[in-house]
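Read the structure below first, then the notes.
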Amino acid sequence: MAAELPFYIASSVEELVKKHVEGVEVDKNYSIFHYLSTCNNLVKQADIYKSEGDIERTYIYSLRFCILIFEKLQKHPDFNKESFTKSRNEIKRKAELKLKELEGLKETLKKGYERIQHKKEEERKRIEREKEKERIFKQEKLKLEREQQLLREEEEQRKREDLELESEIQRLKEVEDFENRKLQAQKNIKRATSARTFELLRQEALLEERKRLQGIETEKKRILAEKQEALEKEFQQQLFEQQEKERLEKERLEKEEQLRLASLPPPPPDYSSFDSDQLLNLIENNNKKLENNNQTDDKLDNEFLLDPSFLPPPPPIITQPSPSQEKKDNNNNNNNKNTTAQLPLSITQPPHMPNNEKKLPPIYNSTSPIQFGYPSLNNSVNNPPSFSLQNNTPLIQQYKQQQQQQPIQSPTNNINRPNIPQYNNYNAKPLSSNLNPLPPQYQPQQQQQYQQQQQQQQYQQQQQYQQQQQQQQQQQQQQQHQLPKLPQYQPIENKSISANGLAQSPAVNTPSITPTTNKPNIDSSEASKKYSKLRKIIVHGEVFQEFMRLAENNTKRSIETCGILSGTLSNDVFRITTIIIPKQEGTTDTCNTIEEHEIFEYQLENDLLTLGWIHTHPTQDCFLSAVDVHTHCSYQYLLQEAIAVVISPMANPNFGIFRLTDPPGLETVQKCKLKSFHPHPPVNGIPIYTKVDHVDLIWGKKSDSKVVDLRFLKK
C-alpha cells in the first residue's frame with residue numbers, strides 16, 4: 001500500500017458522507033446488469049484508490065458499494081434473477097469484506113480529521129499569539145510616531161516664520177520692480193504707436209499702387225483674350241470649310257469608284273475543273289464566236305462566253321512583296337494607269353492562281369480602290385493559247401496538286417485584312433450568266449464580340465471552381481479540428497485484412513444514408529462547459545478497427561453491432577483495454593444485448609471496469625438517436641465519465657465519441673418515459689448530448705488492447 005495521502009475532500013466523516021455518498025437511488029428502468037457493473041466499478045475503484053493511499057476516495061466508493069448491495073439494489077425486480085446468481089454471490093462476498101474494512105477506514109478518517117482539527121486549533125492559537133504580539137508592537141510604534149510628530153511640527157513652525165519674513169522682503173522688492181517696469185512699458189507703448197501709424201500709412205500707399213497696376217494688367221488680359229477669341233473663330237471657320245470640301249471630295253470619289261466597280265466585267269470561269277476535251281471544245285466555241293463577232297472591243301467585253309460553272313476566283317492571299325517585285329509593280333503601274341491588272345490565260349497557269357515566278361498581286365488597303373485580277377479580253381481573244389493534248393492531263397494534275405498545297409488564308413487569321421468580298425463555296429453555280437450573287441462579308445466586330453463572350457464565360461467558370469475549392473478546404477479544416485478520422489472501412493472477403501488493420505473486399509450494395517433531422521449543435525461551447533471536470537480516458541484507435549473487423553458480417557447486412565467498453569483505473573486516469581462483444585439481437589436501427597451475465601462474469605474474472613459502450617450505424621450518420629441517448633443514460637448515471645462511441649463507415653468522419661450534457665441532458669433523459677424513436681430538443685439552447693473532451697485517442701503506438709467476442713461462446 002502506498003503512503004497515505006493528505007485529506008483534501010472534506011473536514012469530517014459526516015461532511016464526506018453528506019456530499020459524496022447520500023442520494024444513491026435505484027431506477028427500475030435500468031437493467032440489473034448496469035447496477036452490477038456499477039458495483040464492480042465501485043469496488044475496483046475503491047481497491048485502486050486504497051493502493052494509491054487515497055483513504056477518502058476509498059471510503060466513498062466502498063460505502064457507495066455497500067449501500068447499493070445491502071440497501072438499494074435488493075429492491076430491484078431482477079436482483080434475484082437466476083442467471084446472475086454467480087455474479088450476485090461474488091458481489092455480496094466482496095460487500096461483506098468491504099463492510100468490515102469500512103469500520104477501519106472510518107476510524108482512520110476520524111483520527112485523520114482529528115489530527116487535522118488539532119492542527120487547525122494549534123494554528124489558530126499560533127495566529128492569535130502572533131496577532132497579540134503585532135498589536136503590542138503597533139502600540140509602541142504609534143507612541144514613538146506621535147513623539148516624532150511633535151518634534152516635526154515644532155521644526156515646521158520655525159521654518160514657516162522664517163519663510164514669512166523672507167516673503168515680506170521679496171514682496172517689497174517686487175513692488176519696486178513693478179513700478180519700474182510700468183514706467184518702461186508706457187514709454188514702449190508710445191514708441192510702438194508712432195511706428196504702427198507710420199507703417200499703416202506706408203501700407204496704404206503700397207495698396208493703392210498695387211490696385212493701379214492690377215487694373216492695368218486686367219485690361220491687357222481682356223484685350224488679349226478678345227484677340228485670341230477672334231483668331232479661334234476664324235480658324236474654326238477655315239477648318240470647317242476645309243472639312244466640308246474634303247467630305248464632298250470623298251463622296252465624289254466613292255461614287256466614281258462605285259460606278260467603276262459596277263462597270264467591271266465578270267470574273268473569268270474556273271478552268272481548273274476542266275479536262276483536256278472540255279478545254280478544246282471551249283476554245284473552239286470561243287474562236288467561232290470571235291470570228292462571227294464584228295463589234296468593238298467594248299462589246300466583246302460584255303458578250304464574253306461564260307461557263308455555267310463560273311464563280312469568281314478565291315480572294316488573293318495578302319503577302320508582302322519583295323523590293324524587286326515592288327520595282328516591277330511600279331513599272332507596270334506606270335504603263336497601265338487606267339486599266340486593271342492583266343494575267344495571261346494559259347492551261348498551265350489559271351488566271352486566279354498566280355505562279356511563284358509571276359508578279360505577286362498587290363496588297364489591298366482600305367484607302368485604295370479595290371481591283372480584281374481579271375484577264376484582258378483583248379489579249380485572250382485575239383491570241384488564244386495553244387493546247388497540247390499530250391501534256392494537258394499532267395499539267396492539270398500538277399496544277400491541282402499545287403492548288404491543294406497552297407495554304408488558304410482565313411479572314412479571321414488577319415485582323416488587318418481589308419473588308420473585300422469573300423467566297424465560301426468555289427464549286428457553287430451562279431443563278432444566271434448575267435447575275436452574280438452577293439457574297440457574305442467578313443465582320444470583325446462580331447468575331448470580337450464572340451471572343452469576349454467566350455472569355456467572360458471561362459472567367460465565370462474559373463471563379464465558380466475556385467469558390468467550390470475554398471468551401472471544400474474549409475469543410476476539411478473544420479472536420480480535422482473535430483476528431484481524427486478512422487481509416488476508411490471496407491467489407492472483407494475470406495477474412496483478408498489490409499495493412500492498415502481494416503478489412504478489404506469488393507464493394508457491397510448498402511442502402512443510402514438516411515437523412516437526419518435538424519440535430520442540435522453538439523459542438524457548442526455552452527454544451528462543453530455545462531459539466532464538471534471529469535477524469536481522463538485513454539483509448540488506442542486500433543481497437544476500434546478490430547471491432548469493425550469483427551462486426552463486418554453484420555455491417556454488410558446493414559445490421560447494427562454493439563459492444564461494452566471495459567478497462568482499468570490508475571492514477572485517476574481510465575484506460576480502455578478491452579471491448580466485449582456480447583450475445584445480441586440487432587436490426588438496421590437497434591441493437592440489444594442478451595445473456596448480460598456473461599459480460600459481468602468476464603469483467604469479474606479479468607478485473608475490468610465498465611467505461612461505456614460502442615455500436616455501429618451501417619446506414620446512418622454518426623450521432624446518438626433517441627434510443628441511443630436512453631441507453632447511454634444508464635451508463636452515465638452510474639459513471640459520469642462513461643462514453644458512447646458511434647462508428648459509421650459511410651459518414652465523414654466515420655466515428656464519434658459522445659456523452660450526455662450534465663446539466664441538462666442527463667436529467668432530461670432520466671425524466672423521459674417515452675419508448676422507441678422520439679425527438680429530444682435542446683433545453684435552453686443547450687443540446688442533450690455533446691462530443692467529449694476528456695478522451696485521449698492514440699494512434700500508431702503499440703498497445704495490449706483487445707476485442708473479446710462472446711457471441712460464439714458455448715454455455
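Cβ coordinates are placed from backbone N, Cα and C, and glycine is handled just like the others.
Since we're looking at a predicted model, the values are computed, not measured.
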_Of the residues HIS615, HIS617, HIS630, only one is listed by Swiss-Prot in the Zn(2+) 2 site with CYS672, HIS678, HIS680. Which is it?_
HIS630
*Same Zn(2+) 1 site as HIS615, HIS617 according to Swiss-Prot: which of ASP607, ASP628?*
ASP628
*List, in sequence order, the same-chain residues at least six positions removed whose CB sits under 8 Å from that of CYS672 (Zn(2+) 2 binding site)?*
HIS630, HIS678, HIS680
_Candidates HIS615, HIS617, HIS630: member of the binding-site residues with the richest Cβ shell (10 Å)_ = HIS617
*Quick one: give me the count of other CB atoms within 10 A of the CB of ASP628 (Zn(2+) 1 binding site).*
20
*Where HIS617 (Zn(2+) 1 binding site) and GLU560 (site 'Indirect zinc-binding') are concerned, what is their Cα separation in Å, rounded?*
6
*Pairwise CA distance, HIS615 (Zn(2+) 1 binding site) versus GLU560 (site 'Indirect zinc-binding'), rounded so that it is a whole Å*: 7
*Could you check the binding-site residues HIS678, HIS680 and say which one's CB has the fewest neighbouring CB atoms inside 10 Å?*
HIS678
*Where does the mean pLDDT land for the coiled coil (86-302)?*
85
